[in-house]
Amino acid sequence: MWPNISAAPFLLTGFPGLETAHHWISIPFFAIYVSVLLGNGTLLYLIKDDHALHEPMYYFLAMLAGTDLMVTLTTMPTVMGVLWLNHREMSHGACFLQAYCIHSLSIVESGILLAMAYDRFIAIHNPLRYTSILTNSRVVKLGMGVFLRGFISIVPVIVRLFSFPYCHSHVLSHAFCLHQEIMKLACADITFNRLYPVILISLTIFLDSLIILFSYILILKTVMGIASGEERAKALNTCISHIGCVLIFYVTVIGLSFIHRFGKNVPEVVHVIMSYVYFLFPPLMNPIIYSVKTKQIQYGIRRLLTKHTTEN
């Protein structure tokens, strides 16, 4: 019979073997944390404040920025708590809630990138009907569908975590909670919790990536049919920012998956670093990519800086 230690809190872990350097490690993490908040917060403010950005493309970008903010606000407080204060204990309920948010937001982000690919396909394939196809109400419905898919689909496995007894070690290998780690600590049949995520990822993130790839094949086919080289370049330029965000998100997802499945001989610190890259790199880079490659965003930032300078 298993000893009853289910009520014991989970223990988060920072960087194994580098505990004495946690304060130094916290400096770049805090800098990235602030950068993510400022970058995505600025995008949301610009899109809300600038009427020139009240278009479907930027509404989807606002959803992406909001999702990146939520991912960061979900994970980084516990990370900084471990690095700064060595605060490692986390109750079961809080841990399950964090895992729920992390995994559901990953599916949401994939769905938003898919919606953005659809937006670019309509803009290039059928530009004359763009505004009539992607009306504000349709954008809202797409956004609601993406968020509902992410937040509902992950519920079954998270709910089951509450019913499991936890009799093994309560130590998690990250400074945040992940479903795949929590379930391994359970003294129960976790077959459903092993199989359901595989099916879910196949039907969401993996399928989304295939549809995005197919949409860009169609976009490229349409662009190649444009007679003017200048018009071809202009059409493709509107997709560069989105392509960059897609590559960053899916490459980090694939990289983390390969490390977890095939990197058993890889040092533990590499697993930990890859998980942080997955959660922090896309939210950090997405605003930078759109700021560098999108003229309307650049104009908005200049106007914001000019306004701030004038007021001072």
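A Cβ is built for glycine as well, from the same backbone N, Cα and C atoms used for every other residue.
Remember, TrEMBL labels are computer predictions, not curated facts.
Residues or ranges marked as domain 'G-protein coupled receptors family 1 profile' in TrEMBL: 39-290.
According to TrEMBL, the feature transmembrane segment maps to 24-46 (among others).
Per TrEMBL, transmembrane segment is recorded for 58-85 (among others).
Among the features that TrEMBL reports, transmembrane segment is placed at 97-118 (among others). Sequence-remote contacts of a segment are chain residues at least 6 beyond its ends whose Cβ falls under 8 Å from one of its Cβ atoms, and for the transmembrane segment (97-118) they are 57, 60-61, 63-64, 67-68, 70-71, 74-75, 78, 90, 142-143, 145-147, 149-151, 153-155, 158, 161, 176-179, 182, 197, 200, 204-205, 208-209, 211-212, 215-216, 242, 245-246, 249, 253, 279, 282.
If one looks beyond the transmembrane segment (139-162) by at least 6 residues along the same chain, the residues whose Cβ comes under 8 Å of a Cβ in the stretch are 56, 59-60, 63, 92, 96, 99-100, 103-108, 111-112, 114-115, 118, 179, 182-183, 186, 192-193, 196-197, 200, 204. The transmembrane segment annotation in TrEMBL covers 139-162 (among others).
Tertiary proximity for the transmembrane segment (195-219) is limited to same-chain residues at least six positions away from its ends with a CB under 8 Å from its CB atoms, namely 103, 106-107, 110-111, 113-114, 117-118, 120-121, 124-125, 149-150, 153-154, 156-157, 179-180, 239, 243, 246, 250, 253. Per TrEMBL, the feature transmembrane segment maps to 195-219 (among others).
Within the chain, the transmembrane segment (240-260) has long-range Cβ neighbours (under 8 A, six or more residues past its boundaries) at 64, 106, 109-110, 113, 116-117, 120, 180, 205, 209, 212, 216, 266, 270-271, 274-275, 277-278, 281-282, 285-286, 289-290, 293-294. The transmembrane segment annotation in TrEMBL covers 240-260 (among others).
Tertiary proximity for the transmembrane segment (272-292) is limited to same-chain residues at least six positions away from its ends with a CB under 8 Å from its CB atoms, namely 13, 15-16, 29, 32, 35-36, 39-40, 42-43, 61, 64-65, 68-69, 71-72, 75, 79, 102, 109, 173-174, 176, 178, 241, 244-245, 248-249, 252-253, 255-256, 259, 298, 301. For 272-292 (among others), the entry in TrEMBL reads transmembrane segment.
Note on the domain 'G-protein coupled receptors family 1 profile' (39-290): mean pLDDT across this stretch is 91.
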